[in-house]
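Noted in Swiss-Prot for the protein shown:
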- Lys33: active site, proton acceptor (ACT_SITE)
- Tyr250: active site, proton acceptor (ACT_SITE)
- Arg129, Met298: substrate binding site (BINDING)
- Lys33: N6-(pyridoxal phosphate)lysine (MOD_RES)
Amino acid sequence: MRPLNVQIRLGNLRHNYQILKEMHGGKLLAVVKADAYGHGAVRCAFALADLADGFAVATIDEGIRLRESGITHPIVLLEGVFEASEYEAVEQYSLWPAVGNQWQLEALLIRHWKKPVKVWLKMDSGMHRTGFFPHDYASAYAALKQSEYVDSIVKFSHFSCADEPESGMTEIQMEAFDLGTEGLEGEESLANSAAILNVPEARRDWGRAGLALYGISPFGGSDDRLKPVMRLSTRIFGERVLQPHSPIGYGATFYTSKSTRVGLIACGYADGYPRRAPSNSPVAVDGKLTRVIGRVSMDMMTIELDASQEGLGHEVELWGDTVNINTVAEAAGTIPYELMCNIKRAKFTYIE
């Protein structure tokens with residue numbers, strides 16, 4: 001069997017949730033969209049079932065999957081519905097929809113709901129993707145407030161640069177949000193992972209923990225308070241010694257500078273490892289750091305082995321404990337979200 005393995009450490013997931021919840025101080029949604037950032041939404045949700053105040057997803061299908069698996073917690077649809085007919089499923093599965101534009105608002109208001117719905121009303125405080133502009137927010141809020149079909153309203157917005165504290169955008173967005181919601185009663189939600197960790201003023205009634213929930217610092221590098229949940233590993237299944245000035249891999253982009261032990265490992269870009277990862281991207285053999293050499297192929301990669309490192313059959317960590325996923329992502333010119341969400345053709349093992 002091909003030895004590409006993903007370990008999901010559910011104990012680390014629980015640890016991270018508890019740390020973030022304590023820091024936030026209010027209620028905390030565990031964001032499990034995109035199959036929990038590639039970790040497995042159902043397994044992660046059940047691991048957090050006795051801790052979480054609720055969950056957040058991106059699509060109706062993601063919410064339904066949690067409900068049909070037995071999750072009874074609040075589930076927020078962060079993007080709301082994509083067509084008016086989906087409000088039927090919102091009601092059937094007791095989901096909490098975000099409302100971020102006029103047609104979503106109007107479709108919700110003209111529907112005859114059998115039971116009142118809890119709405120998350122989104123403001124565009126400066127990111128300019130979705131949400132009502134601050135000067136339009138109060139009127140959208142009033143329309144919902146007057147409806148007999150609306151149980152309650154959570155006011156929320158999303159930060160564009162919370163992971164870039166020096167930008168000043170988070171403060172600008174908070175000011176816009178506070179001005180646009182002035183005098184409007186109800187709960188609020190502003191803090192994503194970066195704001196939970198770094199912006200106390202954004203910790204309102206509800207937090208939304210995404211990247212940090214999975215043990216990854218949104219600021220790059222590592223955060224000793226968090227424990228990585230995903231560990232991606234494989235094994236060496238081939239080994240050879242190349243003479244100096246030998247090319248390796250497609251495009252002959254890497255040449256050995258000396259006699260070099262080369263390990264062949266079972267992982268490639270078809271498995272989700274980034275093809276853009278350059279030579280010198282870190283990996284670890286039995287806990288000792290080494291590097292990728294040559295281009296990443298579809299199904300395999302080549303790594304450098306020094307004289308002290310074991311070879312054939314030994315484990316190689318691609319990211320997890322010794323190798324920080326932020327380091328891999330930075331080397332490849334991408335972000336850790338993309339790496340985790342892209343993993344496939346691997347055996348998943350869940351560790352309680």
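Glycine too: its Cβ is placed from the backbone N, Cα and C atoms.
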Query - recorded positions: Lys33, Arg129 - member with fewest neighbouring CB atoms within 10 Å - result: Arg129
Query raised in the report: Within 10 angstroms of the C-beta of Met298 (substrate binding site), what count of other C-beta atoms is obtained when all protein chains are considered?
Result: 10
Query raised in the report: Taking the Cα atoms as reference points, how far is Tyr250 (active site, proton acceptor) from Met298 (substrate binding site) in Å?
Result: 11
Query raised in the report: Taking just the CA atoms, what is the gap between Met298 (substrate binding site) and Lys33 (active site, proton acceptor) in Å?
Result: 27
Report task. Name the secondary structure element type, per DSSP in three states, that contains Met298 (substrate binding site). Result -> coil
Report task. Measure the Cβ-based neighbour count of Tyr250 (active site, proton acceptor), defined as the other Cβ atoms within 10 Å of its Cβ. Result -> 12
Report summary line: If you measure between the CA atoms of Lys33 (active site, proton acceptor) and Arg129 (substrate binding site) and round to the nearest Å, you get 18
Report summary line: Arg129 (substrate binding site) falls, by DSSP collapsed to helix, strand or coil, into coil
